[in-house]
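Inspection log for the structure reproduced underneath, given as structure tokens.
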Amino acid sequence: MIGITLCFVPLILAIVFFSTYFKLKLTHQLIAVLLGLAAVLPISFIQYFMPSIPGLPISPVVSALLKSLLLYGFVEEAIKTLALLPLPHKIYDEEGAADSAAGRLNFLLLAFTAGLSLGCFESVVYYFDHLQIANSRGATLLYGQIAVRIFTSDIIHMTCTGLCGLFIYSCRNKPARVSCLIMAVILHGVYDFFAGFSGSLRWFSVAVVLMSILECRIKYTSLKNNENVTN
């Protein structure tokens, strides 16, 4: 029970913070949580059943990178983008929002919530999957692994989903920024590639997490600057 609770700590804290500090509607955040949960099943299904492509004359490292970009990059981010489409948006769009800057930020926060929801539910799956092969001491060690996921996997899910959200927002408010979606695919794929290593190369995944935070900030600012130029 402690492990499951720990998995959801980031999502709970985010909802409390977004509700109190940004006054984001709780009902809209709950919709984002459900959409994040809904994306877990198709993502898991495709990743589990999609066969590897044999016969390519490439090294195992390149093959692993391509697989990460395809499965964890393109497939996940495409599904998450589709999952974000039903999010409430009219009151956050430039035409419907009383403050377009606040509307854009709030829609990004909803995308963050959906991404955290997906990441937290994936952590629960990870917890139960490893709990089956762990003894009592191993179960305790899982708490540390979950804590690591909170600061790596959960954040990459949140920021990449945020980039997908910015892509959707830009499509609705013009001009469309396809680069937001492309960067989400690349960052998530490269993160998973480095996270798959057990040695020192694994630390590069942390650098990718930091890059995703920076990229999300850059793309958000670019949308803001574009709006200022238009006005």
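For all residues, glycine too, the Cβ spot is worked out from N, Cα and C.
Features as listed in TrEMBL:
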- 6-24: transmembrane segment (TRANSMEM)
- 31-50: transmembrane segment (TRANSMEM)
- 56-75: transmembrane segment (TRANSMEM)
- 107-128: transmembrane segment (TRANSMEM)
- 148-169: transmembrane segment (TRANSMEM)
- 176-194: transmembrane segment (TRANSMEM)
Considering the transmembrane segment (148-169), which listed stretch of 6-24, 56-75, 107-128, 176-194 counts the most C-beta pairs under 8 Å: 107-128
Candidates 6-24, 31-50, 56-75, 107-128; stretch with most C-beta pairs under 8 Å toward the transmembrane segment (176-194): 56-75
